[in-house]
Amino acid sequence: MEKSWFNLMFSKGELEYRGELSKAMDSFAPSEKTTLSQDRFIYDMDKNFYGWGERSSYSTNVDLLVSSKDIRNFISDDTFFVRDGNKNSYSIYFDIKKKKFEIDNDLSDLEFFFYSYCSSSYLNNRLKGDNDLHYDPYIKDTKYNCTNHINSCIDSYFRSHICIDSNFLSDSNNSNESYIYNFICSESGKIRESKNYKIRTNRNRSNLMSSKDFDITQNYNQLWIQCDNCYGLMYKKVKMNVCEQCGHYLKMSSSERIELSIDPGTWNPMDEDMVSADPIKFHSREEPYKNRIDSAQKTTGLTDAVQTGTGQLNGIPVALGVMDFKFLGGSMGSVVGEKITRLIEYATNQRLPLILVCSSGGARMQEGSLSLMQMAKISSVLCDYQSSKKLFYISILTSPTTGGVTASFGMLGDIIIAEPYAYIAFAGKRVIEQTLKKAVPEGSQAAESLLRKGLLDAIVPRNPLKGVLSELFQLHAFFPLKKNEIK
């Protein structure tokens, strides 16, 4: 099996375990430092052995040695070997699934690793005249950039993937001061010979990406999500798909939004069995419309691009419709229009407040004029709901909201709320520029710009959104059910 070896040294401060794990993990008590016997040895880059009582020429604070297939597997390993400046040695064990964090001085499980490390062909074949600890024949002129990149990757991963306080990894607040000293590459050299790596910089943060194996969250994709702006990792439920590093708002599925807004156990879906029947027999050379529908249904688990139903929001009965951009771009076809229409009619009869969460690319072209007529149909029942029955409708615009949805029920709310940085427009930037042959000003179609021009009532982040909706409903005389009213 091919292995890569990483020799990492913390350059700032001694390793301390302060028990300051994030609330996302269980609480742990600090572990005391333990000392090993003097007969243990570590093998350095110049193939010299040092006992724990001896002083290493390159180990001033903490040495950490691990074996893995590549950097993504390295940061997913369970056990790490650490030695601090006082020559105290530790075996640090992480178990993400079981939420375990242990520090132990029994390194018997790692003996095989050290034997393998000492006999590594990469180390044994290293040039004897090379005394530069930073030297790497494959990285060459980019060696320090790659080192800084690896530092950034590991720092980002540990903070988000294991939720460790930043003080656990470094005592320095300067992001430019690296806590990793050196990075040794694979003995086969395949990693450097590959041309599938590139450096992408965003917000002064470098990220090393592989076109073959980029997603490091594969094993925990039900818990973690990767920012498509800065490529940082975050815990889905705690952060609500908002990147804690750059503040970027990631897309949420309709099911995630329902879970965010509706009280647990109160959601009652409507018209789940309604599916599109390809009413105009749309012909496409690339992929038939029915095949695209079937593929989207398998991918998302939905029957179409909207979920509708009733539930309780902080105890207040509401009618809710949530569009899902992952289903054919959230496009509005006959099924989407019919489900929203039925939801509004039900809310009218039951006198329920209405919430519609918009995320759509517009009308579905595969259904022709049938998709366009949904705009008028929904607007008509909304007129009866709002004007005749005097009921309360809140429209929530998320990124992106464009086309027919913007031109109809998206902008008809009694209160129109948008998420921060949401892209809201009728025609997209590319369409406008191609049609008018003029550049669209940057940010002119963002929620903040629309708020300044009076097209929105408020921009509300995801975290306080549920509370804001609850207050708005109570302001309009919709109150939580009493205990004896809950069926």
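Placed from the backbone N, Cα and C atoms, the Cβ positions cover glycine too.
Residues or ranges marked as Zn(2+) binding site by Swiss-Prot: Cys227, Cys230, Cys243, Cys246. What Swiss-Prot lists as domain 'CoA carboxyltransferase N-terminal' is 223-487. Taken from Swiss-Prot, the feature zinc finger applies to 227-246, supported by sequence analysis.
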Cβ neighbours of Cys227 (Zn(2+) binding site) where a neighbour is any other Cβ within 10 Å: 23
For the zinc finger (227-246), residues assigned helix / strand / coil by DSSP: 4 helix, 4 strand, 12 coil
Sparsest Cβ surroundings (other CB atoms within 10 Å) among the binding-site residues Cys230, Cys243, Cys246: Cys246
Stretch-averaged pLDDT - the domain 'CoA carboxyltransferase N-terminal' (223-487): 92
